Amino acid sequence: ELIKVIVFLVRIFVFCVQVIERNADPETMLLTFIRRKLGLTGTKLGCSEGGCGACTVMMSKFDPHSNRIIHQAINACLAPLCSLHHCAITTVEGIGSVGSKLHPVQERIAKAHGSQCGFCTPGLVMSMYTLLRKRPQPSMQDIEDAFQGIAKARIIYYIIYSYIKYNNSADSVQPLFDPEEFLPLDPTQDIIFPPELMTLSKEPVVSLRFRGERVLWVQPSSLTELLELKAAYPEARLVVGNTEVGIEMKFKNQLYPVILSPTNVQELRNIQFTENGMECGAAVTLAELGEVLREEVEKLPNYRTEIFQAVLEQLRWFAGRQIRNVAAVGGNIMTASPISDLNPVFMAAGCKLTLVSKGKIVFLLQRKFFTGYRKTILRSEEILLSIEIPYTKKGQYFSAFKQSPRREDDIATVTCGMNVVFGEGSNTVQDIKLSYGGMAPVTLLATDTCRQLIGRQWGEDLMEDACSLLAEEMSLSPSAPGGMVAYRRTLTISLFFKFFLTVQRKLAQELFHQDPPTVPPGQSADDVVGRPMMHLSALKQATGEAVYCDDIPHYENELYLALVTSTKAHAHIISIETAEAMAVPGVVAFISAKDIPGSNKTGPVVSDETVFADNKVTCVGHIIGAVVADTQAHAQRAAKAVKISYEELQPVIVSIQVGSHSLFSTRLPPAVIHDLDWILGEIHIGGQEHFYLETNCALAVPRGEDGEMELLVSTQAATKTQVIRLCISWRSHVVCRVKRMGGGFGGKESRSTILSTAVSLEQFTIDRCWDECITISDFSQRRARVELYNKQHRWTKRGLSIIPTKFGISFTATFLNQAGALVHIYTDGSVLITHGGTEMGQGLHTKMIQIASRTLEIPTSKIHISETSTNTVPNTSPTAASASSDLNGMAIYNACQTLLQRLKPYKTSKPKGNWEDWVSAYFDRVNLSANGFYRTPDLGYSFETNSGRPFNYFTYGVTASEVEIDCLTGSHKNLHTSIVMDVGKSLNPALDIGQVEGAFMQGVGLFTLEELRYSPQGYLYTRGPGMYKIPAFGDIPTQLKVSLLRDAPNERAIFSSKAVGEPPLFLAASIFYAIKDAISAARAESGLSGPFRLDSPATPERIRNACQDKFTKLCPPPEAGTYTPWDMRV
């Protein structure tokens, strides 16, 4: 009885009209059916894997258990037709049209300029339409969630949202559209849910079976039947949303002859609450799970729902809304993906799984559940029935994190669930579970780390130990799949640190707003140039009526072509076996190079490529041949069945280095080189995918006479296509037509790769400094006030300047970039440190003690630095180049780490002990003295060849200053200075701000005051404070602001800090150039303009001389060479 095949029909409703499909093939997706069988081409085929949202439709069904109609946005490209029995489907054509009446969603996206190429617009419209059917008054969060599954929807959404904000303002700039013209939402325009479906849904559930060419699909009606089927077909796959199996069958050439769909098995669909938590059936969708959890979070105390909130946070970033609407909780668990978003959460939460075959087993989700890559402990006849997600209790805290290249709808790099339970009324860890995904072929529990944290107090000591333990336990092979090994290992620690601080940072995206240009005054109302005219196809794109290449109605006897491509980079083709491919139903022919009657040569400009590979392939993906069949599915299946034998050759890889002589042989003229600013270095730039949602598509229609051919192609170059696409006809016999494209970006002109331009991280940091300085100095308003002041005052002028600085950190003599340290621990717990740096008021020793205190996890009161001495630390480098904290700090850190390793067994054996207990290791003859050494890595620069890396990193700063000069005397006042300095993560902000202020004021002296004056015989006049003047209190700007740039960690120095000391000195040049700006205003009063010379320092003498006026003309300087000067300026 189980083996017997019963073929059922599929009964669905489209636009409230019943559609019956007999002999439905389980491999037929809804998208194929509505486009090919029903001719509804508004729903587009983009990625075919649920990642772009172009195929979004609304699926509606009646749930008799909740007695309500459920509307869901789904990906039609992944929804098997046979899974939609007794469902209603609404596509973009069904909600409005240009010829009848637009739906308000369609109208708004068109008139608000939200549609560009338009290929994904129908999917965007249907996502919003479905949301409005569920929630007529959605929140902004609801809208964002609805758009998550649409590629590029965020861009469109923010364009619309920013324009709406703009139009709601009182700005006088011409608006881009008038919201008052939009149609109101009219519920009577919505398609009603078919009453017949409500009646059918209340009938008893029956089993459904569908037999296709290769696959048997069975939808059992009871748990008993499901278990019997699983026993009969132990290798059968259970499928709810088809979001995993569907992709495997499409793209990974997997075949599952028997598929069991448990969506009608009520035991797998139940959600019930117990004393311990929520029990969720394995076939419950992620969207349903989220809705139930959200309701519980709203009504229960916060401490009870810590795990529920963590699951909701992960679901927020889990794929797109369309996927969450159909993907099942059990499917996510049983897929056993090592980068699952939810499995680390379930594992850290201690969730219980109920497994069932002939009996029932309750299994705690732990490390042993996952036995290998995408493998679980389940036997072939067992299934997952449900999962119990527990409540939390007082004193229990839970967090989940996901780090991925893109925040939304992206696979994770590392995921984790973190659960800690404290003893009642204390901060002592009673239990802790840290679970990670992305760190092994399976989901991991950091068992060793957790074990050593139990019983510890939750504080800095625990955090430091936990980070060290995780670094050791969460190891990865350098060749680990996925790469980014160092990054991933760092993430495990970073995410724990986030958990430790109970900080959950969410991705913030700014809405960028730019005022649209206005049209010239007096322009005719009929002149649309410069006005916000709507895209001509926007309305048709929003309704799905815009026709793309693949939307063209079928021709009779139309055939489909699928390419056969090389899997080798460089090889001779030995043989091509096509017997298996030709046996696939519907296959008409296999064509290759030998079948081309004309030339096999082609190319967008020069014919230097082949249509089909002829005897040899030169890259992976080289086209070898093509299969022609009656359907796209048959052609693609047959193409995969073609067997090719190769004789592999050595791959030819041309790199920039190998080709540098030929690629860069051109030399610029010396004069040009001399005039250019050069930045020497190396950068590697990768290629960029031409991510147009409409893939390359062409339809060739033979006209039957004289070899005439019509080509309907999605291309940017119709003339080139006219020649390239067919090699057997004259151009006069070939017509190429292009209606529109669903994106191109140059990829549909040729296969040339456009490389992107990289922007350095240095520029990013200096830009941040610049922007912050502009803000805190109120620069724009200050400039306006300066200009007003100068208009009102003749003999005093004010000037304003903003100046950046970039300072390389390292000794240019490479051998000096090293440091040593000696750390002693005494039996009373006190610590003595000696290092190679010297203290000169900059706070070096203070920072070194801070570093030792953090590393050893002891108070600074226990640490002492006596002096710098060469008998304790030899061969010291000078305390110079602003590098001493970096060098000596790392040397101390390394020495302390050595000591910690020696004390580790004692800390482990006495986790509740104190520092004095642990240093009793002395009595076991453990060495409590250690040397530390550090050398800055990867340095080396040659002045002769101008090559190498001279600096470890750069530090940055920006300063804005305002001054006022007395045009008659040349004296000046420093009115205002705002400084933004990049010091990474400051080791000591108080010291660093002081260093910034001190360096700046030293620079003020350098650029405006301090001057060395010699006699012609070389005698230094300016000796001592009587002659040599340094800045005094009055030289400090009246208003001085110093800000340290936030969130700018530096991974190349101790604890992410950066050097400070010399770098801020140059910022005082802002005073110098503000003076020069003020002098320019003074000179303008005298009718002088253009460049002028002002030497540094800008002394009163020089300021006054530069302010040329009628008075200076009366006192011209003596002619040089006619006298012996008193002093010589050096």
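Residue numbers in this text run from 1 along the chain shown.
The backbone N, Cα and C atoms fix where each Cβ goes, glycine too.
Going by TrEMBL, these are the annotated features:
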ACT_SITE  Glu1062  active site, proton acceptor
BINDING   Cys117, Cys120  [2Fe-2S] cluster 2 binding site
BINDING   Leu238, Val239, Val240, Gly241, Asn242, Thr243, Glu244, Val245, Phe318, Asp341, Leu384, Lys402  FAD binding site
BINDING   Gln716, Phe745, Ala881  Mo-molybdopterin binding site
BINDING   Glu749, Thr812  substrate binding site
DOMAIN    8-95  domain '2Fe-2S ferredoxin-type'
DOMAIN    210-394  domain 'FAD-binding PCMH-type'
SIGNAL    1-24  signal peptide
Original post:
Counting Cβ atoms within 10 Å across all protein chains shown, which of the binding-site residues Asn242, Thr812 comes out on top?
Top reply: Asn242
Original post:
What average pLDDT is reported by the model for the domain 'FAD-binding PCMH-type' (210-394)?
Top reply: 91
**OP:** Using only the Cα atoms of Leu238, Val239, Val240, Gly241, Asn242, Thr243, Glu244, Val245, Phe318, Asp341, Leu384, Lys402, which the record gives as binding FAD, return the largest interatomic distance in Å, rounded to a whole number.
**Re:** 27
**OP:** Compare the C-alpha of Cys120 ([2Fe-2S] cluster 2 binding site) with the C-alpha of each of the recorded positions Leu238, Glu244, Leu384, Ala881, Glu1062, and give the closest one.
**Re:** Glu244
Original post:
What are the helix, strand and coil residue counts for the domain '2Fe-2S ferredoxin-type' (8-95) according to DSSP?
Top reply: 15 helix, 32 strand, 41 coil
**OP:** Take the Cβ of Leu384 (FAD binding site) and count every other Cβ within 10 Å, whichever protein chain it belongs to.
**Re:** 23
Original post:
What recorded positions among Cys117, Thr812, Ala881, Glu1062 are found with a C-alpha within 10 angstroms of that of Glu244 (FAD binding site)?
Top reply: none
Original post:
How many whole Å apart are the CA atoms of Val240 (FAD binding site) and Thr812 (substrate binding site)?
Top reply: 64
Subject >> Asn242 (FAD binding site) versus recorded positions Cys117, Thr812, Ala881, Glu1062 - nearest by Cα >> reply: Cys117
Original post:
Taking every protein chain shown into account, which of the binding-site residues Cys117, Cys120, Leu238, Val240, Ala881 has the largest tally of Cβ atoms within 10 Å of its Cβ?
Top reply: Cys120
Subject >> Number of Cβ atoms other than its own within 10 Å, given for Glu1062 (active site, proton acceptor) >> reply: 18
**OP:** Could you check the binding-site residues Glu244, Phe318 and say which one's CB has the most other CB atoms within 10 Å?
**Re:** Phe318
Original post:
Roughly how many angstrom lie between the C-alpha atoms of Thr812 (substrate binding site) and Cys117 ([2Fe-2S] cluster 2 binding site)?
Top reply: 54
